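Take a look at the structure set out below.
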Amino acid sequence: MLIPSKLSRPVRLDHTVVRERLLAKLSGANNFRLALITSPAGYGKTTLISQWAAGKNDIGWYSLDEGDNQQERFASYLIAAVQQATNGHCAICETMAQKRQYASLTSLFAQLFIELAEWHSPLYLVIDDYHLITNPVIHESMRFFIRHQPENLTLVVLSRNLPQLGIANLRVRDQLLEIGSQQLAFTHQEAKQFFDCRLSSPIEAAESSRICDDVSGWATALQLIALSARQNTHSAHKSARRLAGINASHLSDYLVDEVLDNVDLATRHFLLKSAILRSMNDALITRVTGEENGQMRLEEIERQGLFLQRMDDTGEWFCYHPLFGNFLRQRCQWELAAELPEIHRAAAESWMAQGFPSEAIHHALAAGDALMLRDILLNHAWSLFNHSELSLLEESLKALPWDSLLENPQLVLLQAWLMQSQHRYGEVNTLLARAEHEIKDIREDTMHAEFNALRAQVAINDGNPDEAERLAKLALEELPPGWFYSRIVATSVLGEVLHCKGELTRSLALMQQTEQMARQHDVWHYALWSLIQQSEILFAQGFLQTAWETQEKAFQLINEQHLEQLPMHEFLVRIRAQLLWAWARLDEAEASARSGIEVLSSYQPQQQLQCLAMLIQCSLARGDLDNARSQLNRLENLLGNGKYHSDWISNANKVRVIYWQMTGDKAAAANWLRHTAKPEFANNHFLQGQWRNIARAQILLGEFEPAEIVLEELNENARSLRLMSDLNRNLLLLNQLYWQAGRKSDAQRVLLDALKLANRTGFISHFVIEGEAMAQQLRQLIQLNTLPELEQHRAQRILREINQHHRHKFAHFDENFVERLLNHPEVPELIRTSPLTQREWQVLGLIYSGYSNEQIAGELEVAATTIKTHIRNLYQKLGVAHRQAAVQHAQKLLKMMGYGV
């Protein structure tokens with residue numbers, strides 16, 4: 001829950017001086033990106049902006065405290081303030097902030113600006129007490145905010161110092177409205193107005209001016225002088241002389257003498273006790289001070305001018321002026337030291353009663369009450385964990401003695417999940433092992449089962465599927481049906497283990513079960529994970545269309561639950577890119593890979609390795625080797641500076657080896673082959689992929705026999721495990737092996753198998769990257785006119801893709817080629833005496849490449865009837881009667897010119 005008072009603009013008080021000259025300057029705030037109000041404490045920053053904000057509707061107010069250095073807390077309140085200003089316009093951002101479903105503050109702000117693009121009225125966001133922010137991540141995020149905020153939004157920041165928000169740049173670009181302490185200082189006229197409304201007996205203008213000069217227009221000093229004068233301790237001028245030259249850090253003695261010592265003991269204790277509250281209402285005051293009618297007491301303190309201010313229009317919430325509040329808290333530690341723990345306990349109990357466990361934890365920590373802290377955590381820790389209050393939980397658990405954790409194993413489990421969320425896998429197992437060894441009376445087997453579910457998740461994350469399987473099975477055997485979270489975890493882990501072992505059908509069933517349970521209990525990140533795993537399994541089985549449909553369900557879940565900022569979103573767009581690439585939808589595949597990189601923009605560059613490999617695959621499929629080389633340099637740098645799962649390494653190696661094949665770089669392939677890992681098994685798609693990389697390198701080096709052994713074993717495993725997509729890839733590589741080894745009939749046999757299997761997988765680009773060797777074989781198959789209709793159509797489509805992206809390898813009938821051909825001593829006399837036109841040579845090249853008449857017309861952007869005329873003319877000039885004869889004639893010409901076809 002968010003504390004309402006932190007989102008309420010302070011109420012404009014009746015006896016404050018209206019700062020007309022400053023309000024006039026602020027009237028043009030909408031022309032600036034940032035309005036910055038800076039001064040030491042007590043110069044009236046908040047009062048001024050509350051006056052300016054009066055009557056404005058499109059304004060959000062966020063009052064900071066020290067706890068707002070937690071990024072998640074800062075995000076929640078800031079988005080809530082924007083929602084307040086826009087009447088709930090940014091619903092997606094609000095949900096993302098509430099559920100902590102964003103990768104970083106900057107990515108959350110980017111989504112906010114997308115939603116605000118539809119908001120066209122002027123909009124203001126006030127952030128008060130920004131000097132309390134010390135978290136550099138928040139500073140950087142707010143710099144991003146200011147750089148990219150909509151033109152109709154003005155950010156108003158109040159701070160005691162110059163914040164780290166890129167102020168100099170804004171000032172140069174005239175996008176900054178500044179008001180500092182010199183402008184905030186009261187003028188003689190304002191000081192006179194102030195005393196006139198505060199004192200029963202007015203003072204002369206000259207006296208008022210001297211007092212104002214003595215304290216340099218400091219508003220807090222003027223307020224203290226008025227308070228002293230009302231209490232008749234001594235003259236206003238005497239107070240002014242005493243305050244002259246005193247700054248906020250030296251006020252303690254003065255405040256003791258002039259404020260605390262001039263109120264009765266009951267009021268003194270009320271002030272000291274209530275000051276421990278960062279914000280307060282009737283219930284909190286009654287519980288903390290022990291006085292009845294807390295609201296009336298607060299209003300009485302307000303009337304006495306004791307630096308208390310209302311925080312909302314209803315008058316329910318109050319807080320002390322920061323300067324006075326800090327002073328009172330220090331005095332409370334000195335004067336009520338013995339009572340202070342009990343006061344904090346009372347505050348914690350009252351916050352709990354009002355449903356604010358995070359505030360209660362703050363006071364339980366201050367009280368040093370481990371038992372109270374334990375009880376709060378037992379009741380609310382998992383809710384705080386699910387809302388990503390990780391820093392607060394970690395601080396709280398550290399404050400508990402180890403014996404208290406042992407007596408409450410749920411808290412040990414919580415601490416372990418905190419470690420797991422921070423990828424401290426080794427510490428998780430150490431903590432759980434120590435706890436199980438020392439816990440004397442653990443409840444039945446349930447807690448052991450929860451420990452094992454977490455251990456299983458750690459094991460699979462750490463690349464140990466056998467241990468993960470053992471632990472997940474133990475957990476599922478012992479967990480009661482109602483312990484849904486750990487059951488979801490264990491079921492998901494077991495499904496992932498089976499996926500790794502190639503038991504795809506069983507894995508798919510478990511992932512579907514995980515999805516169902518996760519949806520039932522609103523555990524959305526596991527629901528998304530299970531859908532991604534289902535898609536990968538279906539892809540491996542060769543059911544790419546069903547994999548696509550499963551991905552669509554995952555995208556829908558992301559949109560419905562606003563999960564766009566989760567790192568898992570990158571996983572989804574990456575496997576979508578892989579599927580699009582397989583279907584030769586290269587522009588869409590590249591766009592998906594780039595969106596994956598964008599999702600991970602706030603993470604370490606190593607996390608982008610997989611998407612970068614996908615971009616390289618797109619370049620390779622297009623035949624764009626220059627771009628591929630540039631991207632490979634970055635990929636190889638990332639490989640050398642990180643530790644990766646075998647799946648990641650396999651995908652990175654794949655694009656490297658294909659690039660070496662396309663460029664004929666045998667030295668690089670040989671060096672890689674000497675050092676690369678050779679997996680013990682090949683029972684899943686990433687192990688199959690690594691062995692396929694090895695076989696491709698061996699083929700490039702002419703090591704046909706060991707490559708054939710590898711590929712035959714891969715095919716045997718793929719067939720037995722129904723890894724149909726891997727089988728399709730293996731057949732294509734085996735085809736290249738046979739072709740280069742001169743075993744043409746074997747090459748044709750496996751190519752026919754690959755084409756048939758592609759009717760299921762839909763593969764196109766896997767054929768295309770094999771380039772000219774593949775094109776030659778497909779042309780021959782098309783010429784034989786024996787392919788079934790589906791295979792014939794696919795072969796023609798593959799040839800079109802090769803022609804589009806690799807034309808330099810085989811479309812040889814350009815002007816230079818024709819000139820050399822006509823000057824060749826062995827050129828047929830018929831061609832020499834009746835030469836083809838340049839257009840007819842182009843048509844012959846496209847016929848040779850396997851294009852139909854309609855496709856040739858589309859390629860050359862002419863009418864189909866025009867193409868028929870060109871074909872009729874070139875047939876006559878070549879002395880051929882049909883297409884197959886024209887292809888054979890073109891083949892003879894290419895051989896004569898030294899092209900291997």
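Placed from the backbone N, Cα and C atoms, the Cβ positions cover glycine too.
Per Swiss-Prot, the features are as follows:
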BINDING   S39, P40, A41, G42, Y43, G44, K45, T46  ATP binding site
DOMAIN    829-894  domain 'HTH luxR-type'
DNA_BIND  853-872  DNA-binding region
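Outside the DNA-binding region (853-872) by six or more residues, the chain places 796, 800, 839-840, 842-843, 846-847 with a CB less than 8 A from a CB of the stretch. Counting other Cβ atoms within 10 Å of each Cβ, the binding-site residues P40, G42, G44 show the lowest value at P40. Taking the Cβ of Y43 (ATP binding site) as reference, residues of its chain lying under 8 Å away and at least six apart in sequence are, in sequence order, S181, L184, A185, W218, A219, T220.
The ATP site, placed at the center of the C-beta atoms of S39, P40, A41, G42, Y43, G44, K45, T46, has further neighbours from the same chain whose C-beta lies within 8 angstroms: R160, S181, L184, A219, T220. Mean pLDDT for the DNA-binding region (853-872) in this predicted model: 87. T46 (ATP binding site) falls within a helix when secondary structure is assigned with DSSP. Close to T46 (ATP binding site) in the fold, though at least 6 residues off in sequence, lie P10, D128, L158, Q309, each with a CB less than 8 Å from its CB.
Cβ contacts within 10 Å of A41 (ATP binding site), excluding its own Cβ and spanning all protein chains shown: 20. Listed in sequence order, K45, R160, G180, S181, L184 are the same-chain residues at least 6 apart in sequence whose CB falls under 8 Å from the CB of S39 (ATP binding site). Counting residues per DSSP class in helix, strand and coil order gives 51 helix, 0 strand, 15 coil for the domain 'HTH luxR-type' (829-894).
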